[in-house]
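Worksheet: one structure, shown below.
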Amino acid sequence: MVDISLKILSNEMKISIKELIKTLSEISISKTENDCISITEKKNLLKYLESKKKPFLNTFILQRKTRSTLNVFTPGGKNKSVQIEIRKKRMYLKNNKSELEPLLKNKNLLQNKEKNNLKSLKNTISKAKESQKNIDILEESKANINFKNLNKLTKSNVFNKNEKNKSLKKNINFNNHSFYSKKTIKNNTENQKLYKEEKKDYHLTTFIHNRNTEDNRDREIEKNKRNFHRNIKNYRQKKNNKQNNQIKSKKDEVRISKNRKNVKQKNKSILLQQVFKKPESVINRDVVINGAITVCDLANKMAIKSSEVIKNMMNMGIIGTINHVLDQDTAQLIAEEMGHKVILRRENELEELIMKDRDTGNNISLTRAPVVTIMGHVDHGKTSLLDYIRSTKVASSEAGGITQNIGAYHVTTDFGSVTFLDTPGHSAFTGMRSRGVKITDIVVLVVAADDGVKPQTIEAIQHAKEANVPIIVAINKIDKVDSNIDQIKNDLTKYNILSEEWGGENIFVLISAKTGKGIDNLLNAILLQSEILELKAISTGMAEGVVIESFLDKGRGPIATVLVQKGNLKKGDIILCGFEYGRIKVLRNENGKTLKHAGPSMPVEVLGLSKVPFSGEKVTVVRDEKKAKEVASYRKNKSREIKLANQNRSSLENMFKNIKKNDFSELKIIIKSDVQGSLEAISSALFKLSTNEVKVNIIGSGIGGITETDASLALASNAIILGFNVRADASAKKIIDLENLDLRYYSVIYDLLNEVKAAMTGLLSPQYKQNIIGLAEVRNIFKSPKFGLIAGCMVTEGIIKRNNPIRILRNNVVVYEGELESLRRFKEDINEIRNGMECGIGIKNYHDLNIGDVIEVFEVKEIKRIL
């Protein structure tokens, strides 16, 4: 065979000459670039390269990556996700002859660490001398291991002591080599001892079995992982695929490895799945409907989109949006149509529960004092009568001598206790008076002997009859000379008020509030009537009552005058009053005296409410303040919903109102009053003043003084501020003076109404009337270079004035309306001409005059209008 040059060999092997020379030097062959290589050297080179590429023929390497996400809390309170990747590499080896032959031939590697191995052998020999038994066992085990390994390597059966030491040295060197680990040799020696005792094969069968099972498990995990990623890749771009949901749910699985320290065990993977999964079928829910509900809220209760509900509504013939309010029955139909179970609840269920959970006492009714309402016309002496009974001077403190709000007084007389309600007499307080009738037992109708039956007297009779309340007629001012009692009795018979003397059921009492005459007879009549009515009430347990009056005190807060109807009202009780609630802090009577409790038919002032309640609201004592707050909030929201529903209700009438809404003027007013009753009365009276042309718009109202907020509102909306028994504070006065706002104070309601009426009159659109002042007949027509056509006319009626508008009549039909351009008699310009005279008339921008036309001259006058 011919030798081959290194250059040709390098080209065949596709490596550089320098790398080839370096590789030859590693197998103890020194060559240069120009040298040749023999066949044997080439074979050795190829064997070496093959052994270098595959140092172990039976080597199995596994690589594995595990990815997971770790949530880390940051100082800002947010979660930060950290991606973690764990990489594992495992190598499996099998000992055989072909693996160890190149190692034994490599002399350079064995000689480098020969000295260290000799030292270790000396140490082992010295230890073996100490105990002979241990030496024998150690020598036997070492000999067996070495012999068996050497049998496989060299296929020789006999080794001497030097060869045994060499094999030990080579094995130790092999341990230090990168291909074998100390751990592997140690396990091999231990397993060989076990197999020697059991006389089995030297292969580590159990160890291999464990490894194989673990490898199979790893292969299954890797296979599942590859399939999972393959499925994700296949379905990633399919947007509307049904399997996307399953893949997404798989993505949500988090793989976590639990690592145990110092435990030689395979890491176990745990799969944590997300709790929520999209339902595959429709879920039927229990939908609770309390009352009226919007489409959006109904959709939220059914856990579906609002568009689905609207689609179902359209299929049922109902058109609406997400803000459309559905009543309870309609919402029930829609929910049941969509397959849900509906649970209906009453709107006032919470209120009913809180009312049931009340201590009503022993249910023993006792006789109570009668509640008497004094009613009648203005200035007929109602307050003076009550004054005399109470022996106080209340009337002098009333503005203008007229009662402005309901006064409740508990009077103890020699004949018994009576509670009086003094309602205002004039028509503005109709609402207050009607509330007074609802809580009263007896009505005392005061009629002035010198004035007779008046409109408010008739109204009082109507209120009393509607409430089925007995009426006692008190004819006042009998001390006056011009009194006519029989005429009053006759007038009252028209309204079915008959005295007992005339065979009727009504008691008539003649009194004089000034002198006190007949007052005792009136009290006797009241108590007699109360005995007939058998007035009784429960005086124990939680109290109930009615708000007679309410106002805001600057130092004490909201104050309500409450008439107790049954039960015992005590300090510290939790009360529910309309939209308001609170705990009673102070109880006072009409004289300002502090009370600890109040029984039936007792009027008291209550402090401690959240806000000022409306007059006429029912007061109820409850147990739980939290529940009382919930009920008050529910009532407020319900009232707001009703108002919004009424505003949104479209009708033909509202449509026409919207069309004509710009055809009227508007008077904007801000009202501040001292008490709630007066505020309501003024508001209702002002609304009654509204007409089709002028509307009263109360943009703000309240109880208490005029504040800076009120002044700012008046400035922004160009409104008038009306103060009834209140004044403006310093900050409000500053804005009012600076902006020149209209602020007016009143103490009598009549003055307020009259001035508002005058202001509304000024807002009325003016009316105009046309008066015909003269007629002229066209007798001839002339042409003028300056004015065009000139009509020669004869004044047949009235006066023709130059500056007034005119109409041209032809056959009694108006053909033109305009104005005069010139008026002359002969050649002189004149301003007017009287009946029976001739004149020349030039008409502006009109040239179609005919002989026989009539020129009508008129004037426009403005007519003053009143409400």
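Residue numbering: from 1, along the chain as shown.
In case you wondered, yes, glycine gets a Cβ from its N, Cα and C as well.
What you are looking at is a predicted structure, and each value in this text was computed from that prediction instead of being measured.
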Fill in the blank from the handout: The residue range that Swiss-Prot labels region 'G4', out of 432-435, 476-479, 784-787, is 476-479
Fill in the blank from the handout: Per Swiss-Prot, the region 'G2' among 86-90, 401-405, 486-490, 676-680 spans residues 401-405
Practice task
Across the whole of the region 'G2' (401-405), what does the mean pLDDT come to? Round it, please.
Solution key: 44
Exercise for the section: Take the Cβ of GLY376 (GTP binding site) and count every other Cβ within 10 Å, whichever protein chain it belongs to. Expected result: 25
Fill in the blank from the handout: Using DSSP three-state counts, the residues of the region 'G1' (376-383) come to 2 helix, 1 strand, 5 coil
Exercise for the section: Pull the DSSP breakdown for the region 'G4' (476-479) and write it out as helix, strand, coil residue counts. Expected result: 0 helix, 1 strand, 3 coil
